[in-house]
Amino acid sequence: MIETDILIIGAGPTGLFTVFEAGLLKLKCHIIDGLPQPGGQLTELYPKKPIFDIPGYPSVLAGDLITNLIEQIKQFQPGFTLNETAETIEKLEDGTFIVTSNKGTKHHANSIAIAGGLGSFEPRKPILKDIEFYENDKGVEYFVKDPEKFRDKKVVISGGGDSALDWSIYLSNIASEVTLVHRRNEFRGALDSVEKVQELKSAGKIKLITPGEVVGFKGSEKIESVDIQVNTTLTTVPCDYFIPLFGLTPKLGAIANWGLEIEKNAIKVNNALDYQTNIEGIYAIGDVNTYPGKLKLILCGFHEATLMVQSVYQRINPGKKYVLKYTTVSGIDGFDGTRKEAEKQVVKSIE
């Protein structure tokens with residue numbers, strides 16, 4: 001039986017940062033994740049994608065952010081149960097929990113922090129004849145894990161959201177040709193991304209086909225071209241890769257059966273205080289939760305994690321007041337015996 005103060009379900013950025021904030025309060029954490037490595041979507045789906053809204057980083061690659069978070073929490077020695085998913089939960093008489101994974105690993109924790117992002121996820125695939133044939137290195141890619149794979153290649157991207165816009169912009173400097181196809185003239189993405197695509201189109205760096213829709217493929221062993229329906233005209237565009245980016249289908253999995261209050265595939269929480277669910281001792285933070293005014297941003301997940309661990313501290317130490325100290329003043333004592341602190345000022349008289 002694995003013993004811990006906080007059992008975190010999900011090893012994405014929010015789950016990882018929870019370890020740091022909990023460590024400042026001397027709370028131990030253990031993380032369960034269904035993937036074989038920490039990082040969640042950032043590692044599994046787009047490690048090379050730049051993120052622009054992390055404070056202090058004008059730009060940071062998703063994979064690098066995870067690497068930095070893992071380095072940041074190393075001193076607090078979190079445990080990991082990877083390649084396993086949380087399956088069942090039992091609340092004991094003392095208010096603590098036993099969570100058993102799909103492989104039978106048991107975890108005993110005072111509190112549970114569900115930080116599972118979108119839960120388990122799979123891409124929304126377009127309904128096209130023979131698309132399965134072209135999967136598995138034959139030309140159809142649902143994620144961009146390694147942009148270098150597309151260097152000097154002809155790429156057709158289909159979609160109208162942020163991912164389609166962002167990857168069209170990014171790959172325009174790598175691929176020999178980028179064609180962006182969307183069934184509408186209007187895009188549902190960040191305004192600056194839409195304007196950037198317009199700018200790249202004017203510069204001849206991106207071919208834009210709207211309104212248009214990919215309706216078929218050609219190629220005996222791998223994709224050689226895609227057929228695009230534009231109004232009543234069928235156009236054939238040569239390509240090496242077709243990347244349909246229509247979002248992800250989220251699934252909460254077994255967590256949906258834990259008696260939590262669910263709204264539109266997200267877990268309802270009390271955002272007025274501590275992001276606790278309808279079950280005392282179970283919290284939900286990051287993209288997996290919902291409340292009025294919710295924003296699905298990594299930054300917001302960090303904030304939610306910070307407040308959540310304060311609540312867990314009070315739950316474990318009822319009536320004990322925690323005095324907030326700035327890390328620049330107090331320093332950080334790791335569970336591994338290390339200490340980090342600011343350089344001491346030297347007091348010296350001037351004669």
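Each residue, glycine too, has its Cβ placed from N, Cα and C.
Owing to the predicted nature of the structure, the values given are computational and were not obtained by experimental measurement.
Same-site candidate for FAD binding, as annotated by Swiss-Prot with Thr14, Gln41, Tyr46, Ala86, Phe121, Asp287, Thr328, chosen from Asp33, Asp53: Asp33. According to DSSP, Tyr46 (FAD binding site) sits in a coil region rather than a helix or strand. Around Asp33 (FAD binding site), a 10 Å sphere centred on its CB holds 25 further CB atoms from the protein chains shown.
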